[in-house]
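Record features (TrEMBL):
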- 67-249: domain 'ABC-2 type transporter transmembrane' (DOMAIN)
- 29-46: transmembrane segment (TRANSMEM)
- 58-79: transmembrane segment (TRANSMEM)
- 100-127: transmembrane segment (TRANSMEM)
- 139-163: transmembrane segment (TRANSMEM)
- 175-197: transmembrane segment (TRANSMEM)
- 230-249: transmembrane segment (TRANSMEM)
Amino acid sequence: MTTATASPASRVLALGAAEVRLLLRNRTAAISSLFLPIAFGGFFAFTFNQGAVGGPGIWATIAALQLVLTFTMGVYITITQTVVARRQTRVLKRMRTSSLSDAGVLVATTGPAVAIAVVHLALYAVINSLLGAPFPVDVVPLALAVVGGLAVCVTAGFVTTIVTPSPERAQITTLPLFFVMFAAAFVVPVVAVDSWWQALVLVPGAPIGLLTQLAFTGGTWAPGLLGLPAALPGVLSLVVWTAVFTLLAQRRFRWDPRH
């Protein structure tokens with residue numbers, strides 16, 4: 001099949017495969033996006049579980065931290081670095097003149113990070129099962145945490161490129177959201193569902209912790225904060241943050257290098 005007759009999907013896949021090869025050639029990016037999330041996620045599983053079979057609450061915290069690690073380090077930071085690097089070398093601008101649409105270019109550029117995150121989640125499932133983790137009593141909130149967390153971190157990555165002048169500076173500009181999401185995801189699973197501490201669900205990362213907690217301990221539709229179904233505030237928070245980041249990216253995203 002020639003380039004002229006290739007379908008848009010095949011061109012996106014080809015460009016995505018090229019991005020994977022570039023990622024693997026960059027040792028620093030490969031370590032931070034591929035290996036560190038698994039290393040830290042495995043460490044949390046071994047340490048928090050203390051070598052014994054923990055209860056659902058413990059595993060909810062472990063799973064929440066694993067999800068946030070993958071979404072922030074493997075998706076958010078990687079997308080920010082990748083997009084800024086391609087922008088600085090004018091690759092993004094050149095790709096806009098190809099037969100791919102703008103959306104196709106961005107999907108191909110960021111798709112590998114999302115695919116890697118899915119692989120991480122599968123590895124976490126294996127590690128946790130071997131360590132005696134119980135199966136979630138309700139997979140719906142866990143699925144919502146995965147889909148919503150990915151959406152938030154992908155869109156946040158594009159927003160962060162707005163204030164990131166170079167790939168090297170991405171290590172600094174991504175830190176605030178990384179720490180906020182990690183801390184919020186750690187705190188929320190250990191507080192009561194009907195506690196006012198659940199107001200933290202408004203903070204990015206907290207909905208992942210809340211929904212993961214409900215997946216392992218149950219009570220997805222039980223009355224929670226303000227009498228609402230326990231899962232609803234987390235779902236709404238993920239939707240709102242995704243919408244906010246998407247709107248900011250649409251209005252401020254730059255294809256040309258920053259000077």
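Heads up, the Cβ atoms here are built off N, Cα and C, so glycines get one too.
Counting C-beta pairs under 8 angstroms (sequence separation of 6 or more), the transmembrane segment (29-46) reaches the transmembrane segment (100-127) with 3 or more such pairs. Packing against the transmembrane segment (100-127) from elsewhere in the chain are residues 8, 11-13, 15-16, 19-20, 23, 33-34, 37-38, 41-42, 45, 63, 66-67, 70-71, 74-75, 78-79, 82-83, 86, 92, 146, 150, 154, 157-158: each is 6 or more residues past its ends and has a CB under 8 Å from a CB in it. Within its own chain, the transmembrane segment (230-249) has Cβ neighbours under 8 Å at 140-141, 144-145, 148-149, 151-152, 155-156, 158-159, 162, 193, 198, 201-202, 204, 206-208, 210-211, 214, 219-224, counting only residues six or more beyond its boundaries.
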